Amino acid sequence: MEQTFFIIKPDGVKRGLVGEILTRIERRTFTIDHLEVRMASEELLRKHYEDLVDRPFFPQIVDYMTSGPVVIGVISGNDVIQTWRTMMGATNPKDAVLGSIRGDFAQAPADGGATFNVVHGSDSKESAEREIALWIGK
Ligand code: UDP
Ligand code: MG
């Protein structure tokens with residue numbers, strides 16, 4: 001069964017959206033295989049976002065992602081990687097369609113700021129395996 005890795009980011013946790021987001025996952029008939037609350041370290045985030053580390057806005061991403069606890073997890077189901085990306089919506093909430101998590105719960109970033117977009121999801125099978133190993137180690 002295909003698995004993907006997800007994060008409810010600090011804005012989602014602070015705003016009390018954990019239940020809403022887990023409900024959407026369960027309603028979609030995906031199985032929650034792993035669920036955990038934790039603080040992300042800069043060291044871990046540098047590995048997680050290895051393709052963004054050299055971008056000028058990376059320090060803002062670190063500030064954002066370490067601003068409070070995150071909920072991390074693994075979910076499984078048919079085509080869960082692509083389906084979860086669709087459920088999340090586009091990276092910039094201004095482009096995210098209504099009905100998606102980002103389209104329902106977030107707004108476009110302020111100029112020069114990080115994009116507070118509530119959730120993360122792996123973008124491919126390779127990313128999912130890499131991220132599960134990195135965060136959970138299995
Ligand atoms: N991000 C940002 N500004 C940008 C691009 C990305 O703050 O210009 C943040 C945003 O929170 C995004 C994360 O970095 O979700 C990872 O970026 P990616 O392009 O991988 O988007 P995602 O896969 O999360 O949709
Ligand atoms: Mg990404």
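Positions of Cβ are set from backbone N, Cα and C atoms, glycine also.
Residues annotated as domain 'Nucleoside diphosphate kinase-like' in TrEMBL: 1-137. TrEMBL lists Lys9, Phe57, Arg85, Thr91, Arg102, Asn117 with the feature ATP binding site. The active site, pros-phosphohistidine intermediate annotation in TrEMBL covers His120.
As a summary of secondary structure, the domain 'Nucleoside diphosphate kinase-like' (1-137) carries 58 helix, 26 strand, 53 coil according to DSSP. Selection of the binding-site residues Phe57, Thr91, Arg102, Asn117 by a Cβ distance under 6 Å from ligand 1 yields, in sequence order, Phe57, Thr91, Asn117.
Remark: of the recorded positions Lys9, Arg85, Arg102, His120, the most isolated position is Arg85 (fewest other Cβ atoms within 10 Å of its Cβ). When the alpha carbons of Lys9 (ATP binding site) and the residue listed as 'active site, pros-phosphohistidine intermediate' are compared, the span between them is 7 angstrom. Cα of Phe57 (ATP binding site) to Cα of the residue listed as 'active site, pros-phosphohistidine intermediate': a span of 17 Å. Cβ environment of Thr91 (ATP binding site): Arg102, Thr115, Asn117 lie under 8 Å away, each six or more residues apart in the same chain. For the pair the residue listed as 'active site, pros-phosphohistidine intermediate' and Arg85 (ATP binding site), the Cα-Cα distance reads 8 Å.
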